[in-house]
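In what follows, a single structure is set out as structure tokens and then discussed.
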């Protein structure tokens with residue numbers, strides 16, 4: 001059994017001691033990073049979340065502490081009292097913040113012993129993610145993981161401080177709510193008291209934050225847990241955290257402006273970076289046409305160019321078929337890549353096919369000639385205009401896709417990113433923000449044979465497009481906006497519908513009968529009857545934002561206890577079976 005503190009109080013954190021503390025008697029507590037025995041002296045590197053300090057045990061200073069330290073091993077938890085001493089110049093360790101000093105120990109308490117951990121507690125440790133997640137409490141001791149979670153904490157602190165001083169109120173919304181499935185599946189919670197009835201866990205606080213605006217709270221925020229029973233996808237978590245914000249009496253520009261200031265403050269406080277505001281703005285249409293995606297990475301060029309008008313009369317069958325089927329022909333210019341070997345070109349063709357393209361046309365531009373499988377199918381004039389449109393020079397490689405717009409955009413967007421990485425065109429130290437605005441309000445779902453909301457059913461249409469809602473739904477633009485950073489969407493929001501009649505029209509276009517709409521959202525429709533202010537807001541994915549700011553490879557590295565890609569907690573073995581007794585109480589039978 002470990003020793004008790006018996007009134008011993010920690011005076012300093014390990015990583016915070018400096019030469020200013022020389023000759024002070026201090027008490028430090030933490031874990032043993034490593035132990036080195038040099039005969040008459042034993043050195044312990046003691047670690048806590050602030051860093052490491054070297055502690056020296058000498059028989060001459062304290063024979064009791066020296067004798068006790070002989071049994072100490074890695075990851076033992078110790079309390080040490082001793083005197084801070086300046087190291088001699090040749091013993092200074094510039095790799096650690098406390099490298100100019102060490103502690104000569106007078107007292108040692110072994111608070112807790114440790115078995116040999118399954119992997120070394122250090123950043124260089126080469127261990128599988130599965131083992132790290134199984135022993136997450138050990139993984140979290142590693143300095144990089146401690147730093148990640150401290151940065152995450154700093155982000156939420158900056159958010160709270162900023163919003164508090166700007167008149168926002170932090171309000172919690174319920175976790176047990178009514179199931180209103182639209183989009184991802186709800187996690188359901190059976191009610192024991194009302195057999196056969198279920199609560200849902202919230203996919204977002206969306207409806208409640210709108211109700212708070214109707215309640216008169218004006219400016220709301222919350223660091224909210226959200227849960228979605230989604231199909232398994234890489235780097236998605238069944239539970240995630242949102243920075244959730246809503247404001248009354250605002251238009252799009254008001255929401256964008258205050259959020260730009262908040263983001264700038266987050267980056268200033270966490271990374272020491274001055275982010276220029278206002279951010280760039282791109283309409284959804286422009287973003288798709290220039291980058292093939294509504295999540296553009298603006299750190300490099302290689303923009304898409306539409307070649308459809310140039311090849312409109314072409315006899316080349318590939319182009320002809322695409323244009324006949326209301327598709328398009330678009331291309332990108334990979335500067336200086338004309339000499340790419342045939343094997344790599346073939347790999348790019350296969351890469352394009354994974355995104356639904358039937359093929360990929362390449363054109364190599366050299367000083368005196370142009371090489372391409374399509375040379376014999378294109379007229380001299382067509383080739384000349386293609387080279388001009390793509391601003392081709394000797395040494396460039398042109399890549400062209402002809403198909404339906406969605407396939408052309410998706411393929412070229414992924415090719416652009418892939419080649420940007422291959423040719424080191426992306427500056428990893430750059431942060432390029434952009435607002436994507438004027439999204440389509442609706443999309444048509446071929447599977448369900450109905451219109452679905454691009455964002456959610458409460459998004460307001462642009463005023464000038466309202467009359468198109470029933471006549472030409474796909475032409476209606478939304479008062480919606482996404483914030484994209486380096487090709488990753490970190491947040492999104494909209495101005496909401498605050499009028500009962502317009503909300504009814506929206507539900508009708510989405511294929512909801514009046515009864516179905518009332519059954520799911522009647523409480524919101526009822527609230528609209530009693531004076532709803534114009535309102536709008538935004539939600540950020542905190543996990544994704546923290547991942548970008550910390551430079552992590554996966555969101556699992558910025559969440560304390562994440563699930564795997566298979567939505568499993570390897571540490572606690574959740575989800576797990578429950579007893580027959582528990583199921584009986586809930587009136588549930590498992591039918592597998």
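Just so you know, glycine gets a Cβ as well, placed from its N, Cα and C.
Feature list (source: Swiss-Prot):
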- 182, 228, 455, 496: L-aspartate binding site (BINDING)
- 228, 229, 230, 237, 489, 541, 542, 543, 544: ATP binding site (BINDING)
- 206-209: region 'Aspartate' (REGION)
- 38: site 'Important for tRNA non-discrimination' (SITE)
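Locations of recorded Swiss-Prot features on the structure.
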| residue | record | DSSP class |
| --- | --- | --- |
| 38 | site 'Important for tRNA non-discrimination' | coil |
| 228 | L-aspartate binding site | coil |
| 455 | L-aspartate binding site | coil |
| 489 | ATP binding site | strand |
| 496 | L-aspartate binding site | strand |
| 542 | ATP binding site | helix |
Cα nearest residue 455 (L-aspartate binding site) among recorded positions (38, 230, 544) -> 230
CA pair residue 38 (site 'Important for tRNA non-discrimination') / residue 228 (L-aspartate binding site), Å rounded to integer, equals 56
Same-chain residues at least 6 beyond the ends of the region 'Aspartate' (206-209) with a Cβ under 8 Å from one of its Cβ atoms are 173-174, 177, 180, 220, 222, 244, 246, 456, 458, 521, 523-524, 537
Summed over the region 'Aspartate' (206-209), the DSSP helix, strand and coil counts are 4 helix, 0 strand, 0 coil
Binding-site residues 489, 542, 544 vs residue 496 (L-aspartate binding site), shortest C-alpha separation belongs to 489
Residue 489 (ATP binding site), Cβ-centred 10 Å count of other Cβ atoms over all protein chains shown, is 16
In whole Å, the longest Cα-Cα distance within the recorded ATP binders 228, 229, 230, 237, 489, 541, 542, 543, 544 is 20
Within 10 Å, the Cβ with the most other Cβ atoms among the recorded positions 38, 228, 496 is that of 496
On the region 'Aspartate' (206-209), the mean of the pLDDT values is 96
In all the protein chains shown, the tally of other Cβ atoms within 10 Å of the Cβ of residue 542 (ATP binding site) is 24
Around the Cβ of residue 544 (ATP binding site), other Cβ atoms within 10 Å, all chains included, total 19
